[in-house]
Structure formats: structure tokens, C-alpha cells
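Record features (TrEMBL):
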type: DOMAIN; residues: 8-309; note: domain 'Hcy-binding'
type: BINDING; residues: 212, 294, 295; note: Zn(2+) binding site
């Protein structure tokens, strides 16, 4: 069941110059479908509602994804019990179920399975390197047992924690990818994208890049800086990009979670499939060969990436539409040059991000097992109303 038979591995594919199409943002997609709670963003659905997770994997596979990422985002035990969150399943139960679902669907096509770990409350709360690494170790034990094809350390705001994750993942002997949720300004300690990439490659990652927090334009720009840093250091790596499906030109270094619309009013910012085709081409031209998506990406977005890079279909089926003015849109240049209207005449095109300026070590970011208290919430509401 876990064998990939004659399938080529991730490094073989990338070494051969093949384009690898990632999948999309499971936590956002499943939250919209009623299977994930916004706030914790934890993946209990892998164990509790496997049919929903299986179906989403299947839709991404059908749309063109060649990697099925296990739905294990934030599946560390310290996150599952953070801030009064009711832990209905252990991290191990979730990770095992997620691996089985990803493998089942990957075997329906030519897709690989990637086991993923992400940043931890333990690191934000200034726990030791050994404690943080022990959290990652518990997750990767399941990935090894389930024989995933490669590992991804994703969604890290601090390169130091990502280095620790890569060091743990490398002990498995599997290929390792590492992506930070950073923009051109670098990580939250100010380490530049180029230096971040060098640190990750030296830690053992063979694939490096960014995911989440920023839109495709920003992410491609950031990966270009990472690529320059790696090449300048005389190192070699493959590069990947898995951005948001939201336009974020007004974000600061913290990314979209600082936008006032996060997380429940982001829809006006969603990228069209034509925005996605442009992203796919720009990423490819920048030398990025692992191209996917994160929060906001639905299967139709991945379909647009595959259409641009794999088989060139661009909606010519409109030639068959009953209305002549719609048939007149059956041409690529129409869609490439369209400036879509939002239908919101009284809304601004840009927002002012919340810039609280806190990161690891600040009292506001210390995590706790207990639920957030009324007093803690009141203090936050007061701080927000006074402009921090």
C-alpha cells in the first residue's frame, strides 16, 4: 500500500527539469467546507472526517497536482492542546490518518506524498532547541512508518526554527524541502531571504522556498532573492513557491494575518485563474520548478497552473457557448488583459495592516494550554482600539 513502485522521486523529477505542481491550502479550503475551525487551524478532520480530506486530495489530483501533501499542518501535540483547544485526537492519530489518505489518492495517479511539519507554539514560547526538536521528532516518526516520499518543513516565520526542523527531518534520509512564510524583508528577526536560504541548504534541505503569508508576486520576488543567495554562496538547491491565492500588495513583513480582513473577509482579494496562469509563468521563468499554492488555493487555481505549464488549455471551450458575446471571449488575450471589477463601489482597494510589531519572546506571543481568558481578551480589545 505504501510502495510507490516505479514512480520517480521528487529529486529525480526536479533534477530532470520536470515541473512539479503542488496542491492548495487545505486548512482554508476545509474551513470553508465546515471541517476546520478558524483560529486553531488544526487538522483533526483527517481522522474525524476522512471522506472530506480524501475528496479534496482527489480534486487537487484531478486538477493537476503531482504532490499530495499530508493534511498535518499544525498537527503537533503542543498546538493541538494550545489555548483551551479540545484535543479529540492525538497528533499521532491525525498524522497516521493523513498519511493514509494522501497515499490512497496519490496512488490514483502519478503523485508523490509529502509529510509536512510546521512552526510550533513551543518555539514562540522560547522553549529550548531540544524541546522544539522533540516535537518535530514525534511527527516524523509517523512519516517514516508510513513511508512518505519526501518531507516538507513549511510555514516558518523564523529561520532558526526552520533550521531545527530540517535537521530533524534529515535524520530520516528522505529528501527534505523547507519553506518560510516570509517576504522580501526576510524573517521576523530580519534575516534576509538570501541568508535564510543559505542556512536552510546548509542544514540539509535540497529544496527551499516560501509558502503562505504573501501573494504570488511577492513570493516569486522572495524566492528570486533566495536563489541569488544560494548561488552566491556556491551552493545548489531546487526552489519552490506555494503562495497565497490572495492579492497582498499592502502587507507588511508579517503578511496577510496582519490585514484587517483576515481571516473572514479575504474573498475580494482572491486571484482569478488568469492571475494564476501569470504566476505560473513568472515562477517558471524565475527558475522555480516546484510550483503550488497555500491558503486560498482551490483546485481550480491548481488547474490554472497545470493549464499554463503542462498542457496549454486556456478555456477555449467558450467557443461552444450559446451566447455570442461569450463566444467572443474565447481568446487568451481577452482574459490576460481583463481588469476584473469587484462589484464593491464603496470599498477601498487597499487596507492598513495591523502592525503590532511583536514576535518570539514578546509577552503577547507566549502560548498557554488554558483557554484565552476574558481578561486577556479585554486587554487585546483595548490595545486594538487604541491603535496598539
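Any Cβ shown, glycine's included, is placed from N, Cα and C.
Nobody curates TrEMBL annotations by hand; they come from automatic prediction.
Over the domain 'Hcy-binding' (8-309), the average per-residue pLDDT in this prediction is 95. Residue density at residue 295 (Zn(2+) binding site): 28 other Cβ atoms are found within 10 A of its Cβ, drawing on all protein chains shown. In sequence order, 25, 154, 155, 181, 242, 243, 244, 255, 294, 295 constitute the residues six or more apart from residue 212 (Zn(2+) binding site) in its chain with CB-CB distances below 8 Å. Counting every protein chain shown, 29 other Cβ atoms lie within 10 Å of the Cβ of residue 294 (Zn(2+) binding site).
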